[in-house]
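Student: Take this structure first; my questions come after.
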Amino acid sequence: MTAEPRTLLDKVWDAHVMATRPDGQALLAIDRHLLHEGSFHAFGMLDHAGRAVRRPDLTFAVADHYVPSRDRGAPIPDPEIATMVSGLAGNAGRHGIRHFGLEDPGQGIVHVIAPEQGLTLPGLTVVCGDSHTSTHGAFGALGFGIGATEVAHVLATQALWQRRPKSLRVTIDGRLGPHVAAKDVVLAIIAALGAGGAVGHVLEYAGSAIRGLSMEGRLTICNMSIEAGARAGMIAPDDTTFAFLEGRPFAPRGDAFARAVAAWRALPTDDGARFDREVVLEAGAIAPTVTWGTSPETAVPVTAAVPDPSAEADGTKAGQMRAMLDYMGLAPGTPLEAVAIDRVFIGSCTNSRIEDLRAAAGVLRGRRAAVPGLVVPGSGPVRRQAEAEGLDAVFRDAGLEWGEPGCSMCVGINGDLVPAGERCASTTNRNFPGRQGPNARTHLMSPAMAAAAALTGRLTDIRRLGTP
Amino acid sequence: MQPFTTLRAVAVALDVANVDTDQILPARFLKKPRSAGYGGFLFHDERRRGDAFPLDRPGNAGAGILVADRNFGCGSSREGAVYALVDAGIRCVVAPSFGDIFASNAAKNGLLTITLPEDAAAALRARLGAEPGTVLTVDLPAETLTGPEGGAIPFPIDPFRKRCLVEGLDDVDLTLEHADAIAAYEAAVARDEPWRVPART
Ligand code: SF4
């Protein structure tokens, strides 16, 4: 008798179920619990109940959301922000949790550093009080975001009650066109599924176009799974994955690594395994992409024009489009390439890895930006690598600012805000109203596209601009 | 957590799809201690932009129920978005669909999320938009939502989520009933798959 074919999700899920309730909820074992400054609510709940952290050895804390992007040597001027950063250090210290603080060479954005340090491994469950925990699925892990009460629950029990999600496979075969990056692929996926299209599902990204991506590209794709409503996105581990992990500080070594790889090779979805839904996209049809509205689902090819709400038959939808255009300050029918921008931001857990910085620097090298901008590497190691390659000089020579690692202008809570009414070409993941600052306008795009926009001061098709 | 059984309250329509948690609670308020009360931060920036926000229109004061469009609570996992709703007196949100993390956060804080079909939610919003101050009744044990002139609409709810809301249960205590299973699982991982535990550096 042969076993029923299973998906990657099935395999990771089944391996973590410790108990099942009559109502179908499973008690999942958690392999990695990542914390950032926002976990103060959860520590408060833990302390209030007088509970201890069950597995400090599986728990890792990093300061990223509130850390300053400049003047790291000086004290943080805003006392509330300083308290957020020092509060995490205090909570981690009290509970014996490894903490990547401001002075740590490994510090950076939580979803950048966990893969970089070898904390994220195939087949693991990874949780964090942050919706972009979906990023870690790039390794074939099941990574998902949780709320503060659930963070407190994981701190106390190293477990979480979950209902098995549905599965949705997105298959993309073929070759990506010139200058089409992982960011364009995931924006195209979100546009196809809708911002809530994958609610209740875990996405698996498959097909030759996905297999051909580097780990950086896969991380970008899985990162934005949440923007289609999926709590997690996964990509089957392969030789690209294993080569990335070997030798990383917290990854298994020597014989243990070989045993791990043997186990990881059994993780990919079996032939004939059934998904609840299947979506197929053609790699060659994906263009350099930008968003026009205040939801990532408003992603369109940069060659398109701002859509016209009066062409929308559904009155409610037309009204919602009008509200988005009003917020964004855009007129229907305007070619997107005619839209002038005020600044650029290159960074965030979506696009702040070395490959992203290389792509942006490749466009900017030897040229001057027409608008101001900020480039923030995802981690200390990325920052040092970029500096070793001279990328920081490329950005500075172009007139952009080179920052210290953290979330920065992605969410603006460290003080790096897009001023009200300004339009930002951004490599981040959310264009929600107010996301980069009250009344700030965000257009999402790839690092190369953001660099192209910086050069021209408009949304720009990177294919037209080319690289020198 | 405040147990949830029945609720009779003014319901307000929010005709917006994909209402994200950044709109519900702008990020700059995330560093506030819960004891500060999050009610004043609810839709802080949306309420200060353009026309009167639905919650601030005449007749809608003291609302306890929101009726929204698809994918309510998408985006950031911030539980503060739920604190803002609850602290402002909202105990129930009705929508065709919800962000998964938001819905789970809501259940843990006594905020009921009711999923209705797209057309039923749209009809309800139209009605509320036309008649501000309309009172709806939610009966969680009976799993029904009732308008002013009767006609109970049944809604589905996860049985465990319902039990937690009705009884105000503490999840951690329930989980610790499985302490033996957790310990046995951890021992098996240490024995059979030691590579799953991080190398400490
Ligand atoms: S970079 Fe942005 S999306 Fe990523 S964790 Fe930080 S704030 Fe969240």
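Each residue's number is its place along the chain shown, starting with 1.
Keep in mind that glycine also has a Cβ here, set from the backbone N, Cα and C atoms.
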Student: Check TrEMBL: it lists A:Cys407, A:Cys410 as binding [4Fe-4S] cluster. Then name which of A:Cys222, A:Cys349 it lists for that same site.
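Tutor: Only hit among A:Cys222, A:Cys349 in TrEMBL's [4Fe-4S] cluster site, alongside A:Cys407, A:Cys410: A:Cys349.
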Student: If you skip the near sequence neighbours and keep only those at least six away, which residues in the chain come within under 8 angstroms of A:Cys410 ([4Fe-4S] cluster binding site), Cβ to Cβ?
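Tutor: Non-local contacts for A:Cys410 ([4Fe-4S] cluster binding site): A:Phe345, A:Gly347, A:Ser348, A:Cys349, A:Ser426, A:Thr428, A:Asn429, A:Arg430, A:Gln436.
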Student: Give the number of CB atoms, excluding that of A:Cys407 ([4Fe-4S] cluster binding site) itself, located within 10 Å of its CB.
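Tutor: For A:Cys407 ([4Fe-4S] cluster binding site), the count of other Cβ atoms within 10 Å is 32.
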Student: Suppose we draw a 10 Å sphere around the Cβ of A:Cys349 ([4Fe-4S] cluster binding site). How many other Cβ atoms does it contain, all chains included?
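Tutor: 26, counting other Cβ atoms within 10 Å of A:Cys349 ([4Fe-4S] cluster binding site).
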